[in-house]
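K.L.:
What TrEMBL shows for this protein is this:
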type	residues	note
DOMAIN	23-287	domain 'NADH:quinone oxidoreductase/Mrp antiporter transmembrane'
DOMAIN	289-341	domain 'NADH dehydrogenase subunit 2 C-terminal'
TRANSMEM	60-80	transmembrane segment
TRANSMEM	92-115	transmembrane segment
TRANSMEM	152-170	transmembrane segment
TRANSMEM	177-195	transmembrane segment
TRANSMEM	201-218	transmembrane segment
TRANSMEM	238-256	transmembrane segment
TRANSMEM	276-293	transmembrane segment
TRANSMEM	321-339	transmembrane segment
Amino acid sequence: MNPLILTVMLTGLGLGTTITFASSHWLLAWMGLEINTLAIIPLMAQHHHPRAVEATTKYFLTQATAAAMILFASTTNAWLSGEWGIQQMTHPFPITLITLALALKIGLAPLHSWLPEVLQGLELTTGLILSTWQKLAPFALLLQIQPTNPNLLISLGLLSTLIGGWAGLNQTQLRKILAYSSIAHLGWMILVLQFSPSLTLLTLIIYINMTFAAFLMFKLNNTTNINTLATSWTKTPIVTTLSPLILMSLGGLPPLSGFMPKWLILSELTKQEMGALATIAALSALLSLYFYLRLSYAMALTMFPHNLTTSAPWRFSHTQLSFPLAISISTTILLLPLTPTAVSLMPL
């Protein structure tokens, strides 16, 4: 893609998200979401591959449906209450409709079926943007409206954690596995949204950091399925050594950074006398942990079959930037000791 066009598209992505962040009026928030959607579509379809075009079409239709629902719900709210403000949603019907529309935008179960198919058709860099940056604007709206239907949020969160773990068990494509991982992590965030919005924000930040490290790791090795992970030793031995730690952090295994949000969320659910919900969420994390273990085994404990008895004394040098990967790996692995600081900074 032409660098000038790429700059315009990335600027549009940033502008759309910023407009949604700064808006207090539903029309401005809707406009920011639309700019965001229209800016990423050329990035998704830039390779003119049939799968990329199919994924772009699916994404556009899904996001257009969600945007229409948001516009209809905000208009309904203005008709019922006379207010267009985001934080002035009073009637339960538009609040429920907007919550479902935002759930469709970010890919929460049972509105998730588009996300794995879309992510599978994209290259890893565009998939990284879709899995991280594109979640920010809808989550900003969810944090502002504070949905008043707790049963809806608990249902969305619990279904997302279960489906995200269960559906990822039989996958061999890395992008689909990361898509189901995204669904499961978003479910954890939604579970605790009504009790502690600051904890939801902390979980989102750590999820973005871990996903950033995972996508960059797969991009550095140029792998898109489990079978090709076995060649990682001959390409990047140091990154391959650290890769199980990244994947275990995504699974929420102590003493890695990914354990922090799950631990705090389970603690918060227990404080709210939701022990059964916390137990089911913790068990669903074991499902996700299983397919992260599959990836770790394929990447670090298997070798690609070859007929030579000696290893090659040379290796192609990588042209990709490794500094962002180094920073994201460090924070993915080493943030758990900062848990007391994070807890102290969260408003009560």
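Heads up, the Cβ atoms here are built off N, Cα and C, so glycines get one too.
Can you tell me where each of these features sits in this structure?
P.N.:
Within its own chain, the transmembrane segment (60-80) has Cβ neighbours under 8 Å at 26-27, 29-30, 33-34, 37, 41, 89-91, 93-95, 97-98, 100-102, 104-105, 114, 118, counting only residues six or more beyond its boundaries.
If one looks beyond the transmembrane segment (152-170) by at least 6 residues along the same chain, the residues whose Cβ comes under 8 Å of a Cβ in the stretch are 96, 99-100, 103, 108-110, 112, 116, 176-177, 180-194, 277, 280-281, 284-288, 290-291.
Within the chain, the transmembrane segment (321-339) has long-range Cβ neighbours (under 8 A, six or more residues past its boundaries) at 206, 209-210, 212-213, 216-217, 220, 239, 242, 245-246, 249, 254-260, 263-264.
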K.L.:
Go through 92-115, 177-195, 201-218 and flag the stretch with the largest number of C-beta pairs under 8 Å relative to the transmembrane segment (276-293).
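P.N.:
Answer, by Cβ pair count: 177-195.
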K.L.:
State the residues, same chain only, that lie 6 or more residues beyond the ends of the transmembrane segment (177-195) and have a CB under 8 A from a CB inside it; answer 'none' if no residue qualifies.
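P.N.:
103, 106-109, 112, 115-116, 118-120, 127, 131, 135, 139, 142-143, 146-147, 150, 153-154, 156-165, 167-168, 171, 203-204, 207, 211, 214-215, 250, 261-262, 265, 268-269, 272, 277, 281, 284-285, 287-288, 291-292, 295.
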K.L.:
If we skip the immediate neighbours and take only residues 6+ beyond the ends of the transmembrane segment (92-115), which ones have a Cβ under 8 Å from one of its Cβ atoms?
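P.N.:
Residues 33, 58-59, 62-63, 65-67, 69-70, 72-74, 76-77, 80, 134-135, 138-139, 141-142, 145, 147-149, 152-153, 156-157, 159-160, 162-164, 179, 182-183, 186-187, 190.
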K.L.:
For the domain 'NADH dehydrogenase subunit 2 C-terminal' (289-341), what's the model's average pLDDT?
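P.N.:
Here the mean pLDDT over the domain 'NADH dehydrogenase subunit 2 C-terminal' (289-341) amounts to 76.
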